């Protein structure tokens with residue numbers, strides 16, 4: 001009996017590690033792929049807005065085919081017009097803003113430096129969370145935010161070829177992502193709706209595509225028509241969009257087979273992989289000791305933040321289970337004996 005159980009456990013561990021490696025590979029690869037497509041020295045498709053719009057249209061079509069035509073996956077129910085207008089549309093708009101500004105930053109700064117700047121994300125999320133009443137200011141959190149901020153400042157100080165335009169774009173993407181996470185928390189906490197990643201992509205992708213399409217008409221469409229860039233590398237752009245969708249799908253697989261702690265640890269590992277590999281793959285990446293030292297400090301702060309959030313979530317689940325158990329006991333005690 002023990003051998004089949006051990007074999008089953010071993011198989012589950014192998015599958016879990018395979019999903020984690022797939023997530024890290026796809027996430028890192030997608031960042032490099034986007035940089036490669038946008039770079040003037042490589043594919044030379046300098047239209048981050050158009051590229052992001054293509055990703056969202058591709059994702060919308062694939063989600064529709066998978067859920068409504070082939071019915072391989074199921075869209076969770078519970079969505080209403082009120083929830084869509086007050087939660088999904090803001091999430092879609094912020095998601096579009098994050099991807100657009102984040103991809104635009106690659107035109108001005110290196111992949112490694114962009115990744116280092118992303119470490120400031122917990123600070124933006126916490127500040128906006130306090131403003132929205134979702135987080136509470138404390139000495140512990142203030143210390144963690146200070147460590148992360150100090151680390152990012154040191155990493156920025158060590159950057160040799162810094163472009164402030166690229167920094168502004170990347171920080172705009174960070175703010176957009178922080179707002180998206182805040183809206184997501186509001187959707188779950190206040191609206192009571194929990195969606196798996198496929199359902200979320202099904203609802204959010206079309207909204208993000210519309211939000212990107214409007215500025216694309218005015219900002220990039222005239223440039224593309226002038227330079228005749230409509231038919232540039234269609235196979236490459238299709239593969240890039242497919243990789244983006246595969247990345248989102250890998251997140252779904254990782255979340256379904258692991259814990260919140262695992263996905264966050266995998267995210268930190270992925271960040272380091274991107275920073276170190278980018279120095280080998282791209283000529284514009286020049287890492288310094290100050291860069292790595294500052295990023296290391298920031299990552300320590302990020303790890304402390306993730307640990308704090310996970311403990312908070314665990315205590316909330318225990319509290320919810322306890323309240324549910326008390327409610328069941330009260331209901332049982334109030335039932336008359338037959």
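Cβ coordinates are placed from backbone N, Cα and C, and glycine is handled just like the others.
Unlike curated entries, TrEMBL annotations are predicted automatically.
What TrEMBL annotates here:
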DOMAIN    18-306  domain 'Sugar phosphate transporter'
TRANSMEM  14-33  transmembrane segment
TRANSMEM  45-67  transmembrane segment
TRANSMEM  79-101  transmembrane segment
TRANSMEM  107-134  transmembrane segment
TRANSMEM  141-158  transmembrane segment
TRANSMEM  164-188  transmembrane segment
TRANSMEM  200-219  transmembrane segment
TRANSMEM  231-254  transmembrane segment
TRANSMEM  261-283  transmembrane segment
TRANSMEM  289-307  transmembrane segment
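Count of Cβ pairs under 8 Å against the transmembrane segment (164-188): among 45-67, 79-101, 141-158, 231-254, 289-307, the largest is for 79-101. With pairs at least 6 apart in sequence, the transmembrane segment (289-307) and the transmembrane segment (200-219) have fewer than 3 Cβ pairs within the 8 Å limit; the two do not touch. Residues 34, 37-38, 73-75, 96, 99-100, 103-104, 106-107, 198, 201-202, 205-206, 208-209, 212-213, 215-216, 219-221, 223-224, 229, 232-233, 237-238, 240-242, 244-245, 248 of the same chain sit 6 or more residues outside the transmembrane segment (45-67) yet have a Cβ under 8 Å from a Cβ within it.
At the 8 Å Cβ threshold, with sequence separation of at least 6, the transmembrane segment (261-283) comes into contact with the transmembrane segment (14-33) through 3 or more pairs. Spatially, the transmembrane segment (141-158) is adjacent to the transmembrane segment (289-307); three or more Cβ-Cβ distances between them are under 8 Å for residues at least 6 apart in sequence. Sequence-distant contacts of the transmembrane segment (79-101) (same chain, six or more residues past either end, CB-CB distance under 8 Å): 48-49, 52, 55-56, 169-170, 172-173, 176-177, 179-180, 183-184, 186-187, 191, 193, 203-212, 215.
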